[in-house]
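Only one structure is covered here, and it is reproduced in the block below.
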Amino acid sequence: MMGKSVWVFAALFPAVLAADIYVSPDGSDDAAGTIDAPLQSIQLAVDQATAGSTIYLRGGTYTPTSNIQITKSGTASAPYVLRAYEGESVIIDGEELPGTPADLDASLDNADRGILHIQDAEYWEFYDLELINGPYGVYARDASNNHYERITTRNNYETGFQLQGESSNNVVLYLDSYGNRDPRKNGESADGFACKEGSGEGNILRGARLWNNVDDGLDLWYAVNPVHPRISANTSREFKSAVTIEDTIAWGNGFNRWDFTPFEGDGNGFKLGGGDDTDIGPADHIITNCIAFSNAKDGFTDNSQPGNFVLTRNTAWDNTAVGFKFGTAVATLTGNIAASNGEAPTSLSDEQISDGNSWDGDEDWDDGSFVSVDVSLVQGERNADGTIEPSGFLLPADGEEIGATTDWSA
């Protein structure tokens, strides 16, 4: 009889096993981790947390000397949560971590990548965190079923947010990633958001802004000889599964703001593939309601990816080279706009399926074709829920319902 009573109690009151934990830059690791007696170390809070726990970070700047390792998993019904406390501003400054910056041509050990290093971990949720000056901001490897919302990754010494390895069903919502650069590679690989070297279905990037990064805004390329204990040094892999990208804006990427010599940055808004020709496999990416503007190279490019893409109502404006460049993928392009790009609106092979796009008609599209080309309309502070204010930015002046809109609730 007692055994049954214990089971009923555990079923009715599981939360007693998952206490919330509080952390503050002014806390103490000898404290209890309560709101009145917070810990100081985020890592200690992560280590003490159990599935279902919420770790609340009080406002201020945290300056860890080793990165935050997240290597355990919650469950769908009892996820771990790491978040800022009730609207307070939380900055995690990685300037004291290894690789900030690494020397030119130096390698960066897998374990040292990221202010948040998330590996072999599932069912975590992250909210309202700002990650700066780190060896990557967020580095998630072999990590699935995680949720990231209203994260800022800026001025890191590698890619702001990188998802890698066998990773699936991750949602990245309302990411701001900007000013990321890589002195160890002279600009070759620091992107705003990257999904590389692996596979996994169900990954979604939505509502991101990716700007002024040294390489690309978004990069789905893969790197040669990744540093990982389970991968041969002679192996190279791209991300070989579909990624869904929605309501995302990339601008100002690929310019040498750091005086790197020689400069190796690419400067695409959305680079949707690439890598070693002997190892490329098709990935059927879906890109909807995205904008690429004022990037140093192309707006949207397959970069040798052979998948079947679907691009619906996207806009490429004022990029230095080509708006939409697809030669190896077979892309179904519907309702997209290319205007005022430096070299050409498009560069499309005969295999592309194009219908109802700006270049399919007789009209010549230029700045005057839009309600507004005021870039400040998509810059600045977000709304509390992570959206940006809807505006007339790059909307067709004649009211035609093509191209991207900044009304992300539509």
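Backbone N, Cα and C atoms are what each Cβ position is placed from, and that goes for glycine too.
Sequence annotations record features per position, and here Swiss-Prot assigns Ca(2+) binding site to D191, D215, D216, D219. When other Cβ atoms within 10 Å of the Cβ of D191 (Ca(2+) binding site) are tallied across all protein chains shown, the result is 32.
Per Swiss-Prot, compositional bias 'Polar residues' is recorded for 342-351. Helix first, then strand, then coil: DSSP counts for the compositional bias 'Polar residues' (342-351) stand at 0 helix, 5 strand, 5 coil.
Per Swiss-Prot, N-linked glycosylation site is recorded for N234.
What Swiss-Prot records for 342-361 (among others) is region 'Disordered'.
Annotated region 'Disordered' per Swiss-Prot: 381-410 (among others), in sequence order. Distant neighbours of the region 'Disordered' (381-410): 149-150, 173-174, 176, 207, 209, 247, 289-291, 293, 313-315, 317, 335-337, 356-358, 368-375; these residues of the same chain sit at least 6 beyond its ends, with a Cβ under 8 Å from one of its Cβ atoms.
Under the heading signal peptide, Swiss-Prot lists 1-18.
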Winner by Cβ contact number (other Cβ atoms within 10 Å) across the binding-site residues D215, D216, D219: D216
CB-centroid shell, 8 A cutoff, Ca(2+) site D191, D215, D216, D219, site residues removed: T159, S189, A190, G192, A194, N213, G217, L218, W221, N253, D266, N268, K271
